[in-house]
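Please read through the structure below; I'll follow up with questions.
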């Protein structure tokens, strides 16, 4: 067993405005879950934290559209997202909320620390004001034409088309997202500004040191922001919903009574506050995960996110933590993902493009989706979701390579050996070949997971399953049984042990199917850790690990094949196939 490590994992906080689509899932929460499961299966001390991101203009706009208060809307949507996460077997140790008191308190505290250290100041700025609405229009409350690419539905904080961050006053032909009014003025308003410029060199040094453990995508995005030069950014907004701006005594700050902190200032702080919620609810210690003078220097902190969140996590959030002057833990390893594309565009919550988590679960169980999204993870480049690709992955990898192997070997053991691990026979060339395959492939599988290369890990998992099928072709227990029962016994014994190995290594990606396999084989919980070894004989022993004479039972069919008619139906239902 490797030395136990303490690992903190966070995935980008899903925004509260509705069920997340499969692109959101594939770009943060799902790979973080797979990584958490792998680390737990190796005996490490893992804490996987996530939360709903509940502040900002989209929450207010969505609540208005439903006729609810923002609080009621967020309460309802939190439950929707929590249940969707459970449906996909996301193994959060805690799924918190940024609207809870812990996040308000910590956000206000960190802002005070930053101001004490000269990194926050009040500035008067020009902001969009809707005369007919009688209010300022921050962020997504204003829409218009992007000044960079000409996209006509750009929002005040970011253009969905080119991805550039925007200031509402930059939009061409702006209009109110609330009323549609174009009776717009530019007026002065006071806001808090985070003076990132003063942290430029420190953040550059930090990125250079930490970026060695990041994929090139994340490093390039961070360096792009740094190369362009960090600027002072407004961290307050003219909104009513959010973390209130307070003074050093915790009272409303004069002149800021109707303002809150910008959502991108408080949201990543939610990683810490959600961990505090977890600690309070479970009796655990949050400080050893987040404060380097309380043990967090011995914690590995791993973040997962889509590429659109990288700049905030590699620049803005580190400015907050490092600039506070307090011993906060910053990220060690960062995994950034590209987009999952949907027939010519990207998945989009606002435009209702693609398949959403609740819709997916109404079609098929979560393992089907988990396998396809991880085996097709958007790592080196964007990855296309297609119904045909989904069908091929399920039918080939899950139904054929894994499912048929489990079905064949367990049913044969039940019919010819009374459902018990055979006790006779001596291993031969086929078993030696299979042991060599395991000796080569199992360590490589762990290496891929350690490197957070999920497509390669899924491919290696499948390759191990495929090697097991090739082993059965070499061993031919059903042929040998006629004249050499002992020879057949060796093949069945090794085959059942392979089925257990296949179930164990499947646990991170397809946990439900893995549990069905391991339960049917009667594998105790304590024997479901990831297989490890250092010598050839360690891997040979895996083919004879289950006690001889142990009773097993064939599981039900693990995966149903996806029929062409289903692909046609789903294509029509969700609009796939239309470029």
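Placed from the backbone N, Cα and C atoms, the Cβ positions cover glycine too.
Remember, predicted model here, so these are calculated numbers, not experimental data.
Feature table excerpt (Swiss-Prot):
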| type | residues | note |
| --- | --- | --- |
| MOTIF | 14-24 | motif ''HIGH' region' |
| BINDING | 146, 149, 159, 162 | Zn(2+) binding site |
| MOTIF | 346-350 | motif ''KMSKS' region' |
| BINDING | 349 | ATP binding site |
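I'd like to know what surrounds each of these features in this structure.
Mean model confidence of the motif ''HIGH' region' (14-24) amounts to 93 (pLDDT, 0 to 100 scale).
Around residue 146 (Zn(2+) binding site), the same-chain residues six or more apart in sequence whose CB sits under 8 Å from its CB are 152, 154, 159, 161, 162, 164, 166, 171, 172, listed in sequence order.
Taking Cβ pairs closer than 8 Å, the motif ''KMSKS' region' (346-350) reaches residues 15, 17-18, 20-24, 160, 339-340, 382, 385 in its own chain, all 6 or more past its ends.
Around the Cβ of residue 349 (ATP binding site), the number of neighbouring Cβ atoms within 10 Å comes to 18.
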Neighbour count, 10 Å Cβ-Cβ cut-off, for residue 162 (Zn(2+) binding site): what number do you get?
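I get 13 for this one.
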Near the Cβ of residue 149 (Zn(2+) binding site), how many other Cβ atoms are there if near means within 10 Å?
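Result for residue 149 (Zn(2+) binding site): 12 neighbouring Cβ atoms inside 10 Å.
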Near residue 159 (Zn(2+) binding site), how many other Cβ atoms are within 10 Å of its Cβ?
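A 10 Å sphere around the Cβ of residue 159 (Zn(2+) binding site) contains 22 other Cβ atoms.
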Can you tell me the CA-to-CA distance separating residue 149 (Zn(2+) binding site) and residue 349 (ATP binding site), as a whole number of Å?
21
